[in-house]
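Q: Pulled these from TrEMBL:
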- 182-189, 265-269, 327-330: GTP binding site (BINDING)
- 44-57: compositional bias 'Low complexity' (COMPBIAS)
- 348-361: domain 'SRP54-type proteins GTP-binding' (DOMAIN)
- 31-61: region 'Disordered' (REGION)
- 6-24: transmembrane segment (TRANSMEM)
Ligand SMILES: Nc1nc2c(ncn2[C@@H]2O[C@H](COP(=O)(O)OP(=O)(O)OP(=O)(O)O)[C@@H](O)[C@H]2O)c(=O)[nH]1
């Protein structure tokens, strides 16, 4: 064949393949997914507007019995100290070295000196009157003592009653407001998302506010949770925007939408107590232009032990805490922090976080907790 015909045939084949590729790449659905295209610039008004709840199938929590069973198993993993004390007590005829072993175990579990001392005294008294060879009797005594320390009489329900509107509220009905406070990294944003998920499953209408304006990723993280559970998120486009203004917008949007609950996430990075008091106090004050804030949850990382306790004190002085969320209980054998934090702050542990998963948040149940500690 003449070489000119060969060249022409090759050119024609190249043109045909190129044309086909162009047509296929223009077909609907073959464009890049939106998350890898550049972000459209957002105005401040657009950014503080609620993100629309998507209509796609929403992510709902696992059934309650399934969730509780899984959580109990995970909690049992954090309960090393209950089982350890039980096994020493069951030896019968305890020598001084056995009592020292019990004391060390209780202190290591973050029960604190005062609680450990009084628990040791009570256990010693009980051991004198009790047949410590009987494992069931020993277990019953230890269970009763631990339960008394955890205090089942405390009211652990979340205050989600609809508040009376403040005088300044122009329209709408205010939602029950929950403010999430705590040091950075303790799990505030995650807890907001997990809690929203539980409330949505209870048919409550929820709005979330991303008042953690310190870290842009925190607002992104909350928005992702909002999309998963079908909850609008109020946020600001600007990193470092005034958190109080975002919290106010969230409370007002929730009132306008007649939502049941508004959950507001905050930052916890302030270097000093005065700054923290100012910021949290201001957030609460401006939210109360819409309605009183019924629940201020202090989120504490259970693995931080006594250091976490110091932070807890600062937060509770900065803003009146009404309940504690103890996160990361799955990652510690120091379950004693439940007792310590309740005694020091005088407020109940209301929720516990037992993992990073969306369903790893549970109401705190004293009996279930103590049983898990004892294995
Ligand atoms: N194991 C475990 N991890 C948790 C739990 N709760 C939260 N986390 C993880 O802790 C890390 C921090 O959680 P965030 O929700 O971002 O914490 P934050 O307090 O909002 O942090 P800042 O936004 O920096 O203030 C994340 O990796 C979470 O997945 C829990 O109960 N157990």
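Cβ atoms are placed via backbone N, Cα and C, with glycine included.
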Q: So which one is it: of the binding-site residues 188, 269, which has the fewest other Cβ atoms within 10 Å?
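A: Comparing Cβ neighbours within 10 Å for the binding-site residues 188, 269, 269 has the fewest.
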Q: Using a 10 angstroms cut-off on Cβ to Cβ distances, just flag whichever of 182, 185 is the loneliest among these binding-site residues.
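A: Across 182, 185, these binding-site residues, the one with fewest Cβ atoms within 10 Å is 185.
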Q: Of 185, 188, 266, which binding-site residues come close to ligand 1, meaning Cβ under 6 Å from one of its atoms?
A: 185, 188
Q: Near residue 329 (GTP binding site), how many other Cβ atoms are within 10 Å of its Cβ?
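A: Result for residue 329 (GTP binding site): 29 other Cβ atoms within 10 Å.
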Q: What does DSSP give as the helix, strand and coil breakdown of the domain 'SRP54-type proteins GTP-binding' (348-361)?
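A: DSSP composition of the domain 'SRP54-type proteins GTP-binding' (348-361): 0 helix, 6 strand, 8 coil.
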Q: Only counting partners 6 or more residues apart, tell me which same-chain residues put their Cβ under 8 Å from the Cβ of residue 266 (GTP binding site).
A: 179, 180, 181, 188, 211, 212, 243, 247, 279, 280, 283
